[in-house]
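Pulled from Swiss-Prot, these are the features on record:
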- His101: active site (ACT_SITE)
- Asp104: active site (ACT_SITE)
- Glu232, Glu268, Asp296, Asp339: Mg(2+) 1 binding site (BINDING)
- Glu268, His271, Asp307, Asp309: Mg(2+) 2 binding site (BINDING)
Amino acid sequence: MPTYFDQLERVRYEGPKTTNLLAFRHYNPDELVAGKRMEDHLRFAACYWHTFCWNGSDMFGVGAFERPWQQAGDALSLAKRKADVAFEFFHKLNVPYYCFHDVDVSPEGASLKEYLNNFAQMVEVLAQKQQESGVKLLWGTANCFTHPRYGAGAATNPDPEVFSWAATQVVTAMNATHQLGGENYVLWGGREGYETLLNTDLRQEREQLGRFMQMVVEHKHKTGFRGTLLIEPKPQEPTKHQYDYDAATVYGFLKQFGLEKEIKLNIEANHATLAGHSFHHEIASAIALGLFGSVDANRGDPQLGWDTDQFPNSVEENALVMYEILKAGGFTTGGLNFDAKVRRQSTDKYDLFYGHIGAMDTMALSLKVAAKMLEEGELDKRVARRYAGWNGELGQQILKGQMTLAELAQYAEQHNLAPQHQSGHQEQLENLVNYYLFDK
């Protein structure tokens, strides 16, 4: 079979001084960082949708890319050709994982019967590709937002028949993920929200969404799927407001429906931007809430109000993200999936490699900076000193519920408390982080 990327054998590590733009400068899969191989820390994945499904179209222009599998022809044959190219790409890029939506890998067809038949055939193709290449599935998911039937949502749709169709897609995609050895299953509610409150029953839709998630959890346990269920927060787009706005919002939703022990979060950098948060904030929040699962590594443009899905290129931003992840013990079933796409003007097929190589080097360098910060512990020491009072007798009595509000007021009066503000040393801490970032 002829290869698509015929000018490249494989992307390899050549070190910081290489001038080869199709080589890694910082990502060395076998390099030990904090006692673990870099590949095992980062758990990179390439996504099917942006890389092989997007044709370069946007709101103002038609497709700009010439991809052989996007031409007219038999849909199933073209899907198999796309799989050939995808796994050639995964292998040559040297990523251990990939991710997909159901209709990324398989044509939806004109009926539910066609959808099920096509997807079943393509799961067999993917299983064979995985066996041949050694590339594994980080997570699968179902696209319940693109088809016109989902104009008013899937789980939150006012029509229970649409809800049922979505359930069919999700159960089928979950089963496929299980069959393919996927380590997680992602739920992203692209249209689980509203565009106007004039035709929306918020309580009804929230109850529907909660029941849908409960059924997903029930199915997971019934089938014996041992992977992690993940919700991916996003505040808006394509709807005006989504119910999974950010990490904190999802936590409240999960608590309401008794799911906080069953579902974790897949945090995307660009979605944090849209929610008015930093990527660092959303990662730290997910960890603090006990919900951290996986990451969609990309970046947004703070000057634009939509999901640009650019490749991550800031070590300054991602070093702090990796610091939080390492401090929390690192990934378990999750990883760093590049939910990112080349720009519409990047029409050379090798631009797909340039985008991913730069992103992988960025995250590798971020990992090394984070590991050094964690090893030396200077940031942790300063934070610990700031909260040291809570380890004392008074702090512990408060936290353990041994004092009431009135007793605290009495304590303050009896001891004539006159606490003085202590500096937060923000500038010092920012300088400290820069020391690790730019230490040569």
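Using N, Cα and C of the backbone, Cβ positions are placed for all residues, glycine too.
Taking the features listed in Swiss-Prot, we show where each one sits on the structure.
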{"residue": "His101", "record": "active site", "DSSP class": "strand"}
{"residue": "Glu232", "record": "Mg(2+) 1 binding site", "DSSP class": "coil"}
{"residue": "Glu268", "record": "Mg(2+) 1 binding site", "DSSP class": "strand"}
{"residue": "Asp296", "record": "Mg(2+) 1 binding site", "DSSP class": "strand"}
{"residue": "Asp307", "record": "Mg(2+) 2 binding site", "DSSP class": "coil"}
{"residue": "Asp339", "record": "Mg(2+) 1 binding site", "DSSP class": "coil"}
Cα-to-Cα gap, Asp296 (Mg(2+) 1 binding site) vs Asp307 (Mg(2+) 2 binding site), nearest whole Å:
13
Among Asp296, Asp307, Asp339, which are binding-site residues, the residue with the most C-beta atoms within 10 angstroms of its C-beta
Asp339
Between the Cα atoms of Glu232 (Mg(2+) 1 binding site) and His271 (Mg(2+) 2 binding site), find the distance and write it as a whole number of Å.
9
Please list, in sequence order, the residues in the chain of Asp104 (active site) that are at least six apart in sequence and whose C-beta is under 8 Å away from its C-beta.
Tyr48, Trp49, Phe52, Cys53, Asn143
Provide, as an integer number of angstrom, the distance between the C-alpha atoms of Asp307 (Mg(2+) 2 binding site) and Glu268 (Mg(2+) 1 binding site).
10
Since the record lists His101, His271 as recorded positions, which of them has the fewest other Cβ atoms within 10 Å of its Cβ?
His101
Within the same chain, and leaving aside Glu232, Glu268, Asp296, Asp339, name every residue whose CB is within 8 angstroms of the centroid of the CB atoms belonging to the recorded Mg(2+) 1 site, in sequence order.
Trp188, Asn266, Ile267, Ala269, Asn270, His271, Val295, Asn298, Asn337
Could you measure between Asp309 (Mg(2+) 2 binding site) and Asp339 (Mg(2+) 1 binding site) for me? Cα positions, answer in whole angstrom.
7
